[in-house]
Amino acid sequence: MQASNSNSAPIYRVRVAVPVYLHDCFDYSLSAEQYQQAEAGARVAVSFGRQHLVGVIMEKLAPDAPLDPSIKLKAITELLDERAILSPKVLTLVTWAAQYYQFPIGEVVHSALPALLRQGKPYNLLARMWKLLDDNAEAKVKRSERQQEAYKILKLHPSGTSENILNLAGVETATLKALEKKEICTCVLETQDFSPMPVSLAQMPLTANEEQKHAINSIVKTRGKYQAFLLDGLTGSGKTEVYLQVMQEVLKQGKQVLVLVPEIGLTPQTVSRFQSRFHCNIALLHSGLNDSKRLQAWQAAETGKASIVLGTRSAILTPMPNLGLIILDEEHDLSFKQQEGFRYHARDVALYRGHLEQCPVILGSATPSIDSYALVQHGKMRVLELNQRAGAALMPKIHLLDLKIAKKQHGISESLLEEMKKRLEKKEQVLVFLNRRGYAPVLICESCAWQAKCPHCDANFTVHRTPYQHLHCHHCGTIHRMPEHCPQCAHKELKPLGMGTAKVEEHLNELFPDFDVIRVDRDSTSRVGSWQKIYDKIQQSEPAILLGTQMLAKGHHFPYVTLVAILDIDSGLLSVDFRATERTAQLVVQVAGRAGRGERKGDVYLQTLRPDHPLLNTLVKEDYRQFAKQTLKERQAAMMPPFRYAALIRCESKEQQLNTDFLQHHAQLLRQSAELNVDIWGPIPAPMERKAGRYQSHMALLSPDRARLHFYIRNWWQNMLHSKPSSMKLTLDIDPQELS
Ligand code: ADP
Ligand code: ZN
Ligand code: ZN
């Protein structure tokens, strides 16, 4: 195209990513003065159709760049930032991610910004500073331990300190407000100071063992360039110590470190390990923050004030001017993959970011994902192993209990109950794991076999007994009254079948009346603070039975647990998904890792109907690495991910036929794209065909050639989005975690 405006006045333009469900950026004009000030990475207010939106400048166009005369250029409403708040590297990162995951760029850019900035609020908010008014107030706080603690900390900072820092130190805002009421302290608003804080060591590092030394040296040597490492070490083998010592070297160079942990792993215990090692500013980014706290933490990262940024999945998009190291702890954890909207995997984004920033990336786990082992196999990542448990702790022994021949009481084998009793009598703790909350997964009529089903889903209702008797659908949230008799045959005996944590709790209380049973699941911890209370109780050396779901499996340290029982391993093994055994093995090893972390050796018991399951046996008789090796071979033989690249199209509407016809038509179109080496699976109805009253179908695409697959999908997918009926919901999942 010719520049048609060569002899008229220059037109100043910027290309803006606007948060709408469209894949392109949009050009806006602005005044010469605004243009001069504008930087790529700054926010602008724009109108889009009838909406007023906050966009981000992705590019400043040259004034003499060709102009499409058919497009009526709108002017921006306002330039919101006088400088770039998303760095060029983050702009490159989000542009890549939008392309790779085929998700609208404006939406991706928005996920890199904290809520207040997305809403167009000014960058410079005021910080809340707390200062002591009365430094002789011991008597006034005598009656509250929390207030005493807060008072003590405030006294250490006579010139005042920010609410953020106080919160990090464990002082709650409510406590500060209570002290303010008593006129002991006051809160003032100050403009924030973003100058970097000096870093120093707060605590001497431990003396690393040989394996740790090797790991630390290998990583430190690659500083300043990109290299991915898989730190493959048993639970308790000192991975965190390796992170800390590598961080020390990176921080010493004045660089920042980004640490990502699973959603459930960002506990006060994790934070305090970093805090007690380094004196420096640590920014915490997780979903529990309110908007202004989140903004402040993000700003500390973005300005370079924070030397360490500790966050969950979405923190991977945070701008950091001096990023020198990225760590992903528990890299196998599912929470690193976003399962809705912008479906990215933080692990893959982290690897790409390390490459952009030219810094090392460490993925750590006791049960690395098969995906990561494949990267090692392909030479894209270096593996560093830690094989000894640090300190005195021994690895627990795993035993299989054959449920077909075992004598049972309420679904628990008698020999297991016997072992539990022995441990409890020795004042040790026992952990019982069952990944099913509620009382029972099925309500059945004893006479005609009718089962209580959710009217909106293809699923059984779960029976709950607390806080009152009811039926609950765990898929759509529907709640029903408990029927008094069978609606089909009027029989009065309706029986809860199978076990949920609430039912097991009832039985354990009956079987072990002298011991505490502590249940940990979403139902028992839904009240704020209740999880902390349970946690404190677990840390006391009283004999007790800890009973729970998933929530108990992750990273926590339970020093008094010496026996772990997994009541139902089979539901994981029977699942149709190709990653089901991988997930089950990870879960077993992670749950087992809770046993014997103290001085005493631990035992793990698995109840199963399939004691001959080959992969389960590899795991039990050998170890996770051997299991992983075998799984890698199987995946390669079957040409399943990560040996082929996948994309999954999910389709949801009011009629199954509509889904099938639509997907089939588009599958046909894709098949016609010449020379594409791709398998198309489906379309087929999802395992749960009807959910919340809507029908689900999907279709999977697999190819050994990722670049070609993505290239061919691009236009095809756009075409699908444009031609779908408006009542249909379509999503594209690149590198899906499940194919069913
Ligand atoms: P992981 O992160 O692999 O689960 P941790 O780093 O938490 O392991 O280490 C487990 C325990 O061993 C911690 O209490 C830690 O302080 C201790 N530890 C780690 N490395 C050493 C070492 N080199 N010498 C002594 N104790 C260590
Ligand atoms: Zn009946
Ligand atoms: Zn339902």
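Heads up, the Cβ atoms here are built off N, Cα and C, so glycines get one too.
In TrEMBL this protein carries:
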type	residues	note
BINDING	Cys445, Cys448, Cys486, Cys489	Zn(2+) 1 binding site
BINDING	Cys454, Cys457, Cys473, Cys476	Zn(2+) 2 binding site
DOMAIN	220-386	domain 'Helicase ATP-binding'
DOMAIN	466-640	domain 'Helicase C-terminal'
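Each of the binding-site residues Cys454, Cys486 was scored by the number of other CB atoms within 10 A of its CB, and the lowest score belongs to Cys486.
For Cys448 (Zn(2+) 1 binding site), the number of other Cβ atoms no farther than 10 Å from its own Cβ, over all displayed protein chains, is 11. Between the CA atoms of Cys489 (Zn(2+) 1 binding site) and Cys454 (Zn(2+) 2 binding site) there is a gap of 19 Å, rounded to the nearest whole number. Highlighted in sequence order, Pro455, His456, Ala459, Phe461, His474, His475, Gly477, Thr478, Lys691, Ala692 have their Cβ within 8 Å of the centre of the Cβ atoms of Cys454, Cys457, Cys473, Cys476, the residues recorded for Zn(2+) 2, and are not part of that set.
The local packing around Cys476 (Zn(2+) 2 binding site), expressed as other Cβ atoms within 10 Å of its Cβ over all shown chains, amounts to 16. For ligand 2, no neighbouring binding-site residues occur among Cys454, Cys457, Cys473, Cys476, by Cβ distance under 6 Å.
A separation of roughly 15 Å, to the nearest angstrom, links the Cα atoms of Cys454 (Zn(2+) 2 binding site) and Cys486 (Zn(2+) 1 binding site). Scoring each of the binding-site residues (Cys457, Cys489) by how many neighbouring Cβ atoms lie within 10 Å, the top position goes to Cys457. Sequence-distant contacts of Cys445 (Zn(2+) 1 binding site), defined by Cβ-Cβ distance under 8 angstroms and a gap of at least six in the same chain, are Gln451, Cys486, Gln488, Cys489, His491, Glu493, Leu494, Lys495. Separating the Cα atoms of Cys448 (Zn(2+) 1 binding site) and Cys473 (Zn(2+) 2 binding site) is a whole-number distance of 22 Å. Taking a Cβ cut-off of under 6 Å from any atom of ligand 3, the binding-site residues Cys457, Cys486, Cys489 reduce to Cys457. Averaged across the domain 'Helicase ATP-binding' (220-386), the predicted model reaches a pLDDT of 93. Remark: Cys473 (Zn(2+) 2 binding site) has Cys454, His456, Cys457, Ala459, Phe461, Thr462, Ile479 as non-local neighbours, by Cβ distance under 8 Å and separation of at least 6 in sequence.
When secondary structure is read from DSSP and collapsed to three states, Cys489 (Zn(2+) 1 binding site) falls in the coil class.
When secondary structure is read from DSSP and collapsed to three states, Cys445 (Zn(2+) 1 binding site) falls in the strand class. Listed in chain order, the residues near the Zn(2+) 1 site other than Cys445, Cys448, Cys486, Cys489 are Glu446, Ser447, Ala449, Trp450, Pro487, Gln488, Ala490, His491, each with its Cβ within 8 Å of the site Cβ centroid.
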